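Colleague: Handing you a structure now.
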Amino acid sequence: MAGPEQPPAAGGGPDGGAAPGAAEGLGERPLSQGLSVLVGLALCVTMLGLGCAVELGQLGRQLRRPVGVLLALLGQFVAMPLVAFLLALIFALDEVAAVAVLLCGCCPGGNLSNLMSVLVDGDMTLSIIMTASSTLLALLLMPLCLWLYSRPWIHTALVRLLPLGAVSLTLGSTLLPIGLGVLIRYRYPRAADLLVKVSLWSLLVTLVILFILTGTMLGPDLLAHIPASVYAIAVLMPLTGYALGYGLATLFRMPPHCRRTVSLETGCQNVQLCTAILKLTFPPQLVGGMYMFPLLYALFQAAEAGLFVLAYKVYGRDGPKQEMLGEEEDTDISYRKLKEEEVPDTSYGTVTTEEFGAAPTEPAQTAL
């Protein structure tokens, strides 16, 4: 049989996630080169949109009180990598699937969280700051987390050849479109607003195209070759991230709209970056069908975030608005009461209108 002749890291077995022929086809077909170009362009557009959403004034305020940066650090590079690591151990993944899961867990926050934060009336500024700061922190912390959490699979060929340098280079290449986006925001705010909308829509369109093209190249039986444990992780991982993010924001005693924002920001990963790293830095014959994991993660994180938004619209939408309305009414009543009970100025020499009008006018008497 041809199966045993393939190395375990090639993804040919049931735990690897794809048949050997499909893995080889991913690297040999001309369509694969076009897919690599599409992945690179999608990553550039996403990072450009992220830069266009950042204002220099926001960055200055966050540097003076870096709560958003701290939350991004704890959520994206402490909580999520640990969740990915524990899930990989619990489900006893092989090295190929484990690396794909770890890579996705170590990625910074994605643009999907910015869109979802708007839909749940979250703090858009906090969401953008967390996304931008986690992307910059990923330059150092993402390779470090990958190296740290891949130790249990260190004796495998894939982990020994883990291209941390190429991962860092791919992360560094995102700085150019981010910096260009910040410059466009500073010089041309209207164009920046348009580019932000384009990047959000391109995110959804690109994920659909990537899913279709990858399925076409790897064959119709691709999804059947991916282990059930990988599907389970793709479902549990974003859900756990949402829960941990909400708990983290609660621990920091943040208001409800900020808790929703941190929750979405923690669970939503930058799947474009994860896909680009898997496609551009790892040999396709080693990765195999696990190239599909970030796309599966994107599918489930969007579906679960959609349920989050739906639950908020149905059950939680009127609460904050009613609370804000009550605050406005209290403020208005207090202000009117203050005006009604305003104490007149009775300092020496002051004559009020009432006193002036009430002053008796007596006819002058002339001395005879």
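Just so you know, the numbers here start at 1 and follow the chain as drawn.
Positions of Cβ are set from backbone N, Cα and C atoms, glycine also.
Heads up, here are the entries from TrEMBL:
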type	residues	note
REGION	1-23	region 'Disordered'
COMPBIAS	10-19	compositional bias 'Gly residues'
TRANSMEM	35-57	transmembrane segment
TRANSMEM	69-93	transmembrane segment
TRANSMEM	124-149	transmembrane segment
TRANSMEM	161-186	transmembrane segment
TRANSMEM	198-218	transmembrane segment
TRANSMEM	230-252	transmembrane segment
REGION	344-368	region 'Disordered'
Colleague: By a Cβ-Cβ criterion of under 8 Å, what residues six or more beyond either terminus of the transmembrane segment (230-252) are in contact with it?
Modeller: 17, 67, 71, 74-75, 79-80, 83-84, 87-88, 91, 93, 97, 101, 104-105, 258-269, 290, 293, 296-297, 299-301, 304-305, 308
Colleague: Using a Cβ cut-off of under 8 Å, list the residues of the same chain at least 6 residues beyond the transmembrane segment (69-93) that approach it.
Modeller: 15, 62, 101-102, 104-109, 129-131, 133-134, 137-138, 141-142, 145, 148-149, 152, 227, 229-230, 232-233, 236-237, 240-241, 244-245, 248-249, 252, 262, 265-266, 269
Colleague: Apart from its near flanks, which chain residues at least 6 from the ends of the transmembrane segment (161-186) lie with a Cβ under 8 angstroms of it?
Modeller: 43-45, 47-56, 99, 132, 135, 138-139, 142-143, 146-147, 150, 192, 195, 273, 276-277, 280-282, 286
